[in-house]
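**Student:** Next up is a structure, given as structure tokens.
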Amino acid sequence: MLWRRGNLTMGILLVTLAAWVVFEKSGYTLLSLVSNVLLLLIGILFLWAKSAAILNRPAPPLPELYLSEETVNEMGAFIRAQVNDILSASKDIALGKDARLFFKVAGYLLLISLVGGLTDFLTLGYTSLFVVLTVPALYERYEDYIDSYTILGYRKMQQLYVKFDSKFVNRFRKWILEKQKLS
């Protein structure tokens with residue numbers, strides 16, 4: 001629903017565009033920026049605490065940073081379940097039990113590799129945010145046109161599939177059946 005709030009969406013896009021331009025032109029990376037900001041924050045808090053002790057003032061107010069054992073156990077159980085699911089699926093792929101999943105994973109990894117070779121992470125992040133914020137608004141505005149062309153394209157693809165199936169796949173199936181009958 002964010003795209004329906006035009007001013008907010010435009011503000012987010014402009015701020016991220018400005019950040020992207022600053023990072024791209026300066027050669028500064030996000031990791032180094034975060035590291036420097038945290039270093040500055042820790043330095044300020046350290047100096048504040050030391051000067052407060054010397055001047056008999058209260059120390060800087062910091063929230064209690066504590067993880068309960070229950071929270072850690074819940075996070076650990078969740079992460080363990082997710083990792084086990086991934087390992088199980090990986091085992092099925094490696095043993096050839098799930099060919100469909102293998103081709104999906106291989107296709108996605110190939111796509112990620114191709115996109116990663118064309119751009120850096122920051123540009124990819126900005127482009128993804130831009131697409132996520134603009135495509136739904138454009139679809140909502142031109143929904144009728146997009147739907148009609150999508151249906152037209154779907155019908156064309158069905159026709160091409162039927163032609164391909166009749167020319168190549170059926171011949172291949174018949175050839176395999178003949179080979180099996182001869183064996």
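Residue numbering: from 1, along the chain as shown.
Even glycines carry a Cβ here, placed using N, Cα and C.
Here the structure is a predicted model, which means the values were calculated and not measured.
So TrEMBL lists the following for this protein:
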type: DOMAIN; residues: 1-183; note: domain 'Reticulon'
type: TRANSMEM; residues: 7-23; note: transmembrane segment
type: TRANSMEM; residues: 29-49; note: transmembrane segment
type: TRANSMEM; residues: 101-118; note: transmembrane segment
**Student:** By Cβ distance under 8 Å, which residues at least 6 away from the ends of the transmembrane segment (7-23) in the same chain are close to it?
**Tutor:** 29-30, 33, 122-123, 126, 129-130, 133-134, 137
**Student:** Taking a Cβ cut-off under 8 Å, which residues six or more beyond the ends of the transmembrane segment (29-49) line up next to it in the same chain?
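**Tutor:** Residues 23, 59-60, 62, 122 contact the transmembrane segment (29-49) from elsewhere in the chain.
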**Student:** Would you report the average pLDDT that the model assigns to the domain 'Reticulon' (1-183)?
**Tutor:** 85
